[in-house]
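Asker: Dumping what TrEMBL says about this protein:
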TRANSMEM  49-75  transmembrane segment
TRANSMEM  96-120  transmembrane segment
TRANSMEM  140-160  transmembrane segment
TRANSMEM  172-194  transmembrane segment
TRANSMEM  206-225  transmembrane segment
TRANSMEM  246-267  transmembrane segment
TRANSMEM  287-307  transmembrane segment
TRANSMEM  342-364  transmembrane segment
TRANSMEM  370-388  transmembrane segment
TRANSMEM  400-421  transmembrane segment
TRANSMEM  427-446  transmembrane segment
Amino acid sequence: MVGIGILVSNNCLCHMNNHPPLLLSIPGNIIGSGIFVSPKGVMENASSVGLALIVWIVTGIITAIGALCYAELGVTIPKSGGDYSYVKDIFGGLAGFLRLWIAVLVIYPTNQAVIALTFSNYVLQPLFPTCFPPENGLRLLAAVCLLLLTWVNCSSVRWATRVQDIFTAGKLLALALIIIMGIVQICKGEYYWLEPAHAFDPFQEYDVGLIALAFLQGSFAYGGWNFLNYVTEELVDPYVNLPRAIFISIPLVTFVYVFANIAYVTAMSPQELLASNAVAVTFGEKLLGVMSWIMPISVALSTFGGVNGSLFTSSRLFFAGAREGHLPSLLAMIHVKRCTPIPALLFTCLSTLLMLCTSDMYTLINYVGFINYLFYGVTVAGQIVLRIKAPDMHRPIRISLVWPVIYLLFWAFLLIFSLYSEPIVCGLGMAIMLTGVPVYFLGVYWDNKPECFNSFVGKSIKNNFVFTINWNFLQMNSTLFNLCCFY
């Protein structure tokens, strides 16, 4: 790799400390595709407008509690890598490796694929007003978005954070427009589905398993709340800035999400919302008339920033994992001059491109949501374990243990009933996680490997890396050919 020549450099990480916009990136990293995709999934599983709104509010509260727990861990164990670093230090190498393993194979590739597909869906939907956009077109545009933003993140940390800040402002303006239009609708008396008699009128029978899936769909929209825990070493004064960012960002995002969903149901019935694959576009067509083009453009800006934020975060996690010896040392390398983790970014991009083989976003959300919550709970449980194991450890932030207990009770409810409702999807995620156990013992725990073993693994990684690049290139060309034939 030309221009990549040094392993972990503390000097380069210090350069990132000169970027205070990192503090402003939590809302930008949370507000991505979720608020434009999840309303349909939440409504479908909650079975009524009223319960759907309760799901959004409760998810915001639980997210805030989780963020407080992570804030204590973030300043107690001030390492970049987020929950991976905390789980590894508290429960040992195997637990940390499994967190990293499932993040590499499932969480980040799936999350980024969903956001990129949402971006392409909102860009292409206005071009196909009477039908859904072609799947090949969606995948191709999503791939172009990923490749462009990977290039931006490889080029400069400053560029990446500026893209995040610019698109955060754009998406907040778009959501402000939705909320304002909703308030106008309420003032006109268009609040039929907000009246208690109608809000809790179910269009299907309530089911506790489906309600758990509604929370999973809602939690996807709040994904990214632990963004700054992945770059703790790059923050200026994390003891002050980390809790401040949480106290400002989570309530802001919860307010925006709840009122955006209220706005949606002032213009659409639950049936109309469920029939739409682009909720904001349908909302704009109903209320904005000739100016309805504003919505798809605004959502595209929002999701574009969401992909950027996810790439930024995930590459730092892989970087931290490689630095600890849990991933190939190549991923711990950074550019000599640009101080960006280029190999980690390229790996993240390639693994996400592989996820574009499907466009069923709601199954992907359940898939990634279950695994995410599994390790959120393990991490929060680690906070309690650390209090017991090291009660005198210096903690600049110290919260009541009532909060992690509340979080873990909700966590247990969510995982048990999600597994009950979607045993195949959730079980597959757990099975993939467990495949990391032999990999850990063979690749990490076993120190004195024979030279022939190391040589074989090195050649396999090199060949697979080249094959992956060529395979993705062939897939993209095939998609482009099929799309041209379609038109």
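Every residue, even glycine, has its Cβ placed from backbone N, Cα and C.
Burial and contacts for the listed features, if you can.
Answerer: With a threshold of 8 Å between CB atoms, the same-chain residues lying at least 6 positions outside the transmembrane segment (49-75) that come near it are 39, 42-43, 82-83, 86, 193-194, 196, 198-200, 202, 206, 211, 214-215, 218-219, 221-222, 225-226, 228-229, 232, 238-239, 242-243, 246, 250-251, 253-254, 257-258, 261-262, 265, 270, 376, 379-380, 382-383, 386, 395-399, 403-404, 406-407, 410.
Panel annotation: around the transmembrane segment (96-120), residues 32-33, 36-37, 83-85, 87-89, 133, 137-143, 145-146, 220, 223, 299-300, 303-304, 306-307, 310-311, 313-314, 317-318, 321, 324, 326-327, 348, 351-352, 354-356, 359, 361, 364-365, 367-368, 371-372, 375, 378, 429, 432-433, 435-437, 439-440, 444 of the same chain, lying at least six beyond its termini, place a Cβ under 8 Å from a Cβ of the stretch.
If you look at the transmembrane segment (206-225), the same-chain residues 6 or more away from its ends with a CB under 8 A from one of its CBs are 26, 29-30, 32, 34-35, 37-38, 41-42, 44-48, 51-52, 55-56, 58-60, 63, 66-67, 111, 114, 246, 249-250, 253, 257, 306, 309-310, 313, 362, 365-366, 368-370, 372-373, 413-414, 416-418, 420-422.
Sequence-remote contacts of a segment are chain residues at least 6 beyond its ends whose Cβ falls under 8 Å from one of its Cβ atoms, and for the transmembrane segment (246-267) they are 26-27, 30-31, 35, 39, 42, 49, 52-53, 56-57, 60-61, 63-64, 67-68, 71, 172, 175, 178-179, 181-183, 185-186, 190-191, 193-194, 221-222, 225, 273, 279, 283, 286-287.
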Asker: Between the transmembrane segment (287-307) and the stretches 172-194, 370-388, 427-446, work out which stretch tops the count of Cβ pairs under 8 Å.
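Answerer: The stretch I would name here is 172-194.
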Asker: Using a Cβ cut-off under 8 Å, which residues of the same chain at least 6 positions beyond either end of the transmembrane segment (370-388) come close to it?
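Answerer: For the transmembrane segment (370-388), the list is 66, 69-70, 72-73, 76, 83, 86-87, 90-91, 95, 99, 102, 106-107, 216, 219, 223, 401, 404-405, 407-408, 411-412, 414-415, 418-419, 422, 425-426, 429-430, 433.
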